[in-house]
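What TrEMBL records for this protein:
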type     : residues  : note
DOMAIN   : A:273-468 : domain 'ABC transmembrane type-1'
TRANSMEM : A:36-61   : transmembrane segment
TRANSMEM : A:110-130 : transmembrane segment
TRANSMEM : A:137-154 : transmembrane segment
TRANSMEM : A:204-221 : transmembrane segment
TRANSMEM : A:228-245 : transmembrane segment
TRANSMEM : A:273-296 : transmembrane segment
TRANSMEM : A:308-332 : transmembrane segment
TRANSMEM : A:344-364 : transmembrane segment
TRANSMEM : A:401-425 : transmembrane segment
TRANSMEM : A:445-464 : transmembrane segment
Amino acid sequence: MSDSSFVRTQMLPPEVPPLTERGLVRWMRENLFSSVLNTVLTLAGLAFVIYAVAATLPWFLNGVWNAKDIKECREIVLANAGPEATGACWALIRERWHQFLFGFYPADLYWRPVLALGLLLVSLAPLLYYSMRRANLILVGTVSVLTLIALALLAPGAALLVLFAGLFAALTAVAWYAPQKLVWLTLAFPLLAFALLWGGSVWGPIGVAAGFGILALVYSLTKSFLGVVVATGAGVVAAAVWWLMVQTSVTTALHGAIPLGIQAVNSDQFGGFLLAFVIGVTAIGASLPIGILLALGRRSDMMLIKTLCVGFIEFVRGVPLITVLFVATLLLGYFLPPQSNFDLILRVIILVTFFSAAYLAEVIRGGLAALPKGQYEAADALGLDYWQAQRLIIMPQALKVSIPGIVSSFIGLFKDTTLVAFVGLMDPLKGVTTIVRADVAWKGIYWEPYIFVGAIFFAVCFGMSRYSMYLERKLKTDHR
Amino acid sequence: MKKTMFLGTLAATTVLAGAAFAGTLDDVKARGELLCGANPGLTGFAAPDANGEYQGFDAALCKAIAAAVLGDATKVKFVPLSSEVRFTALASGEVDVLVRNSTATYSRDNDLKLDFPVINYYDGQGFMVKKDLGVSSAKELDGATVCIQTGTTTELNLADFFKHNNITYTPVTVQDDSEAQRNYLAGSCDAFTTDASGLAAVRSSFPDPENHIILPEIISKEPLGPAVRHGDNQWGDVVRWTYNALLIAEEKGITKANLAEVEASSTDPEVRRLLGLEGDMGVMLGLDNAAFKNAILANGNYGEIFEATIGTSTPIGLARGLNALWTQGGLQYAAPFR
């Protein structure tokens with residue numbers, strides 16, 4: 001049939017694609033200059049970036065770290081870069097960094113918030129990476145080393161330092177051998193942090209812990225014949241009676257008998273990022289469970305519970321946070337008996353928690369609504385009761401769906417802590433910046449404190465956001 | 001000076017609560033600490049330093065009151081208050097005295113039920129312009145853009161002034177001092193208006209203060225003073241006479257440094273009464289006889305405080321002006337100490 005005289009017996013090596021179809025050129029052609037409009041937009045964007053960098057980079061490069069006031073900063077910039085140049089005056093941060101971080105917290109006690117932060121990160125490990133030995137070890141080990149370095153720089157004394165080194169070594173060992181066991185630290189952390197940050201007699205936090213013990217005791221004793229809800233209620237009532245009526249006299253007596261404690265620090269000395277973290281972490285930790293309960297209550301068939309939850313959520317969501325904060329400081333000031341000293345930070349934490357819980361409830365309700373009805377029916381068919389079904393089937397799926405929304409709420413909440421400046425608390429952004437700028441030596445400085453505070457906020461929020469993306473990937477079980 | 005009208009109504013509804021605070025002096029003594037409402041940061045008047053200690057012209061008065069009542073100038077707790085919450089905090093008893101550059105006005109006195117026992121700084125609203133604008137009087141500012149803080153009495157004063165003089169202006173509203181300063185330096189506005197003391201503080205922070213002038217017109221009266229709750233006259237008297245003692249000390253040449261010497265040698269009966277060497281002046285007010293001596297020892301007399309915090313020796317460089325003693329042509333005049 002065929003009388004071809006030439007048949008190729010082996011494949012030719014592939015030709016190198018033409019220049020416009022490979023490497024950087026191709027990528028740029030496809031992504032940056034694929035059409036006239038894209039080309040124009042690319043050039044405009046490039047021009048903007050060049051302009052922005054050219055405008056700000058010299059300012060950063062001319063920055064001055066060593067000066068005693070803004071005048072000296074200006075003189076150094078003038079001497080180094082000539083009369084037309086501008087330069088940042090980071091000397092302000094160098095002199096006042098401790099107020100941005102700790103507010104008016106006594107300087108010789110800075111090790112206490114640093115230790116609390118270290119313990120916070122360690123106690124987060126089991127929550128973030130439950131029973132993942134490697135991740136736990138890396139996180140706890142890194143945190144331990146960094147915390148110990150920070151503590152050593154703050155020089156609280158050799159004996160304490162050895163104690164902390166032992167503590168963190170032990171925690172790292174626990175993270176390696178039994179990562180789940182770190183949960184006990186997580187549970188104890190709120191009281192531990194309170195005892196560290198506020199100080200005072202150790203019996204106060206122990207008394208609070210005893211209240212939780214009473215709650216657990218009453219619950220486990222009555223659960224079998226009262227049911228989950230009523231038993232929890234009875235436990236809460238018993239604990240409230242203990243906290244409100246009995247605890248103070250008992251702890252006072254105990255303190256009288258065995259006076260054990262560390263130097264007390266008053267709430268009004270809290271400020272800067274210490275304050276933002278205290279409010280943010282507490283409100284984040286407390287608002288998630290409350291938000292879950294509110295979301296479940298809103299979907300409940302029980303008329304009274306549903307009405308209460310809907311009323312609470314809609315009322316709180318209808319009111320701006322700043323109003324809630326003013327209520328915390330002003331109205332409560334009128335309603336409480338004069339001279340009663342209900343801590344302002346505590347008032348703010350409680351109201352911020354409620355505020356954030358209402359938003360979380362709606363986020364979680366979205367997750368619940370996304371579940372197919374079959375999941376609920378499957379739980380019923382298995383013979384699970386309401387709480388078992390929620391715990392084992394509904395919530396794991398609903399929360400997974402809600403992760404992006406929940407983390408967004410948390411990030412928003414953390415940044416909203418700066419609003420406490422309006423009620424006279426010293427938040428890092430406005431509170432500390434105002435007092436620093438009011439100093440004669442630094443008056444006239446504008447961007448530097450904002451950039452410093454913004455960088456720290458960015459690091460924290462970016463971390464939260466990356467973790468949420470990691471968690472989404474890890475929990476991804478579908479095949480979409 | 002910011003206004004807080006909605007808080008005014010709130011405060012008015014709780015006038016009755018005032019009765020509960022009748023004995024502020026006793027409360028302070030029992031507590032062993034003076035709660036002083038302060039500005040969280042106003043250059044020269046009140047601001048914490050790098051160690052967290054409040055310093056400044058207003059802060060010094062708080063310390064003097066603490067020294068008079070408790071015998072120790074360090075026994076004062078500064079409560080930073082924003083301008084929105086300051087009067088409510090005073091009315092609800094969160095602070096004993098508010099020394100927060102607050103303007104004494106009719107409605108604050110009567111509607112908010114406060115008392116301003118003394119005026120510790122006579123201020124007034126002025127204008128600052130760049131020298132090359134070629135303006136020498138505020139009346140030449142026709143058509144100018146003016147940077148102004150929102151929600152303050154200065155905003156209302158400004159509108160009144162321009163309307164009264166039949167000239168126009170464009171307001172550029174800003175949130176606070178440092179923002180005003182940026183806008184002004186960036187050229188967003190031709191003139192910047194606030195209290196004259198604030199203008200001086202802002203100008204001192206410029207890289208080129210000599211290129212900016214503060215116009216001679218003062219368009220409002222801003223008498224700034226400590227505030228106490230209405231109805232507690234004894235406590236108001238403590239504040240008034242502590243302040244008066246600082247003024248009399250300046251008048252008589254008693255300073256922090258020479259007080260011991262004056263105490264040993266002075267034969268002036270008023271000085272001897274003031275320092276508690278004669279008569280029972282302190283006890284009359286429910287204080288110790290050495291109360292006013294302690295107040296002077298805290299930070300020196302009025303003139304010393306002024307010079308150390310906002311006077312010509314500081315970068316702020318305010319002249320005494322209206323705040324000179326009456327003997328030197330100012331308005332600071334204390335009733336005799338007898």
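Positions of Cβ are set from backbone N, Cα and C atoms, glycine also.
Unlike curated entries, TrEMBL annotations are predicted automatically.
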Long-range environment of the transmembrane segment (A:110-130) - Cβ separation under 8 angstroms, sequence gap at least 6: 98, 102, 136, 139-140, 143-144, 146-147, 150-151, 154, 156, 160, 164, 168, 171, 175, 179-180, 182-183, 185-186, 189, 192-193, 196-197, 199, 262, 265, 274, 277, 281, 467
Contact call for the transmembrane segment (A:228-245) against the transmembrane segment (A:204-221), three or more Cβ pairs under 8 Å: yes
For the transmembrane segment (A:204-221), distant same-chain residues with Cβ under 8 A (at least six beyond the ends): 188, 191-192, 194-195, 231-232, 234-236, 238-239, 242-243, 247-248, 250-251, 254
Feature contact check the transmembrane segment (A:445-464) with the transmembrane segment (A:344-364), CB under 8 Å, 3 or more pairs: no
Among A:36-61, A:273-296, A:308-332, stretch most in contact with the transmembrane segment (A:401-425) (C-beta, under 8 angstroms): A:273-296
